[in-house]
Amino acid sequence: LFFKLFYFRYVSALYCLACENPVCVDCMNGEHAEHPTDSLENIVDQHLAALQDRVDSAKNRLPQIREAVQCLRDILQQLNSQRSSIEEDIHSSFSELHKTLDTRKSVLLMELEVTYGLKQKVLQAQLDTLLQEEAAINYNCSLTGEALDGGNKAVILQTHKDVGERLSDLASQGLPLQPEENDQLDLMMEIEGLRKSIHNLGTIVTTNAVASQTEASGEGLEQCVVGQPATVIITTRDKSGGLCKTGNAIISAEVCTPDGSVADGEIVDHKNGTYEFQYTVKKEGNFSLALRLYDQHIKGSPFHDGGARKRSAKSPGSRSRQKGVRRGGSLFSTPKKKVNPIEDDLIFRIGTKGRNKGEFTNLQGVAACSEGKILIADSNNQCVQIFSNTGEFHSRFGVRGRSPGQLQRPTGVAVHPNGDIIIADYDNKWVSIFSSEGKYKAKLGSGRLMGPKGVSVDQNGHVIVVDNKACTVFIFQPSGKLVTKFGSRGNGDRQFAGPHFAAVNNNNEIIITDFHNHSVKVFNADGEFLLKFGSNGEGNGQFNAPTGVAVDVNGNIIVADWGNSRIQVFDGSGSFLSYINTAADPLYGPQGLALTSDGHVVVADSGNHCFKVYRYLQ
């Protein structure tokens, strides 16, 4: 009987739609008598289906959440890496400033001593002359006075004979009675201006712009004229949609045609939160435009056919000609070459501090290839820039990140005989290999390297990697197979303390700059020690932390002396030969160094945010 009542009251119960509660049959005769009902089983099935739909909908969000979480972790990791890099740059910059101030102090003290010495020498010589004349006059007058006081005629006659003419000469002799020098020694120092400059020294540059809120507008999103510039305006906004009012955001743009070619273009930062992208297509057809802020697509990007906005390139005759717009310096602009006005070994310099093409932030490694190109590892801009031997910009490639094919902190660069570009990535702890066009091919050393700094290629086509952190030199096949390694931390012949760069001579011997040991070491292809040269100091053949190194066709070794801001040349046995004259436009913390295909020396002048090309007589 109990089971039947239970079944009657609950299993066969109803659901009150008005009250949204289950009710039994008895209740329907009471307060729920006028309410619409349905079977409890139907309602439960409906709720089960609804709950399952909501569970499925919630689960569908999980991949998006996981992707967003990974994105945020990558950004946080990048933010932390940037903070560490900037912190290192701040310490390095102020350390260099301290050194510069100490150097200037020493120069001023030296100038003081030299100037004082010259003046003191003139005045002292004049004083000595007058004192000698005074003593001579006093002596001869005293001698004559004694003769006169004695009254002896014979003595007077003898004195007149011996001293009279001398007294006449002393009385008539021209003497330097007027000072031949002055006592002025003053110090002029513009302390207040320097204090103000130091007070405003350095700026932490950032924006609050986010890609999801940043928008693009302009006629260039709709259509353009073949051969004529089209314009797109990019407006950066923060997470709330508010307009960002400062510049310096990292924006990239890429216009692609169906055949995969890329149109020319440039980005101009108006420094008010808006950016102007101008591009030019060379033929008719549909194309796509990708706009990225901090490597993420902005709202609506990529813009392409069938998307939010349709664009098609038309020939000039199909519409009126667009008005030209003046182009400022930007990612796609051509840098100006600064020619040295003073006669020394400098031919030209390229670069200023910045993030656009021909601008650098902490440039490090340098390479040159037989095709007449110069390659620069632009470390804090996470890219490699390529120029001709005459300084004309050719191209740049590199996307910031920690995935294969991306660059986090490129410090060394080399060119393989097959044309591949080899890049040491210090923060990613591997070496990346790209084609000569900048297309990623492979990586090597992952899991082995701790902080690769410099790279080179030997005559067997092996990749030589200088691991700055591990104080070890690794030799790999291009496939990534380890051939050998040598070195450890220390100051012995086969040890290193922060090694930087490598070069290979005609005997396939490996030359390593040993930064903190202030020396250069030479090894054979198997890693056996051959010789070393250099010691800490400022004299000929001494180093204050050597960095870049190259070898000419005669086996002479060219070394960038970072702490002494100079370039020294040695023969193959390590004997000092000469300097490269850098006096007119002094170096400031030179890093990588290479020989161009036309026989000049190119060096990364890191502290001056440029690279310089010097004459070199081999």
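Including glycine, each Cβ sits where the backbone N, Cα and C put it.
Curation does not apply to TrEMBL; its annotations are automatic.
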Of 48-89, 132-173, 426-467, the range TrEMBL labels coiled coil: 48-89
For the repeat 'NHL' (394-437), the number of residues DSSP places in helix, strand and coil: 0 helix, 22 strand, 22 coil
Chain residues outside the repeat 'NHL' (574-617) and at least six past its termini with a C-beta under 8 angstroms from it: 96, 340-354, 359-372, 374, 376-377, 389, 391, 412-413, 454, 500-501, 520, 522, 531-534, 540-541, 547-552, 556-562, 565-568
Arithmetic mean of per-residue pLDDT over the repeat 'Filamin' (206-303): 86
